[in-house]
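Since the structure comes first, as structure tokens, the remarks are kept for the end.
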């Protein structure tokens, strides 16, 4: 179609005021018509990534901090599951603040983004923290999944290997490893050029490797997702075997506390997979399309290539909005899960809501074990029980940590 007969001028394209010859080649009439048609969807996505993201940030911070308050109570800290979930709440808060809040501010305020563009060190810092907190939350979930797999697959060895102290060491080790890995962003760039929040990328003197995006998509999305899906499948198969063992009264079956922790893990990790999978698929498709189907404006397929490229770009931004829910939704999973009785009871106590005695499982556990001690204890001699007997009884009925 001739540009002189086109119903839409170049003013419909953002950033073009006086169209140059290059602009005319890049945006022929058919492509301008397509842009006008897709623009309502673009407006919707931009609204989601500004107002919607701000809403997610506020709610996410509120509920993650509430989760952290519950999970760090004295009777909750004995469980390795709660240690992992506490770390997850902390890292989710940092991701919401340092990644998404800064992204919204840079996208909505040109002056703030200009400060980043004028100070490369600030850009480097932002690049590092985005990498750190994008990786940390999911690596904590992967670590927790591996722990649960060990507990389910090797229950006897797992009781010795999986302890709160070791869980803390794993969290610290994973955190330091991710931090060291993310430091490469100080020297390397290549992924920041097309932010979903719409801000212009920083000018940089760092080495630019466009191909590094392949590694980022695989390492940040597909590797943890496939790991979680594989381990969750193995865990579900092992749970089925454990049910058969429990029916046969074998000693290898999983305890109720381990089963509750595993079910909660499956809920949290499955929510991550559901929210990240559409983004990963679109991101991978976009990457392949842009690098294998690219043609010049003079090519007959240029309109088709560009229209598909635009669709994929804004579809990625659309699903990125839902991906952000990963960092705010865990509180609702804990409250709604039938496996998080202790979490709900502790939350009620903090809020001043009356808690039924049967919901206070940590007290019930201690009482039931104290009853067992009394029921099997021999009658005391005239001199009373020896210190050795008391020590053996205490050791025999030492309370286990419950999920």
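Glycine too: its Cβ is placed from the backbone N, Cα and C atoms.
Going by TrEMBL, these are the annotated features:
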TRANSMEM  48-71  transmembrane segment
DOMAIN    63-334  domain 'G-protein coupled receptors family 1 profile'
TRANSMEM  83-105  transmembrane segment
TRANSMEM  125-146  transmembrane segment
TRANSMEM  167-187  transmembrane segment
TRANSMEM  213-237  transmembrane segment
TRANSMEM  264-282  transmembrane segment
TRANSMEM  314-335  transmembrane segment
REGION    373-403  region 'Disordered'
COMPBIAS  385-403  compositional bias 'Basic and acidic residues'
### Message
If I count Cβ-Cβ pairs under 8 A between the transmembrane segment (83-105) and each of 48-71, 125-146, 167-187, 213-237, 264-282, which range comes out on top?
### Response
48-71
### Message
Please tell me whether the transmembrane segment (125-146) and the transmembrane segment (167-187) touch - that is, whether there are at least 3 C-beta pairs under 8 Å between them, with each pair 6 or more apart in sequence.
### Response
yes
### Query
Would you call the transmembrane segment (314-335) and the transmembrane segment (48-71) in contact, using three or more Cβ pairs under 8 Å, pairs 6 or more apart in sequence?
yes
### Task
Determine the mean pLDDT over the domain 'G-protein coupled receptors family 1 profile' (63-334), rounding to the nearest whole number.
87
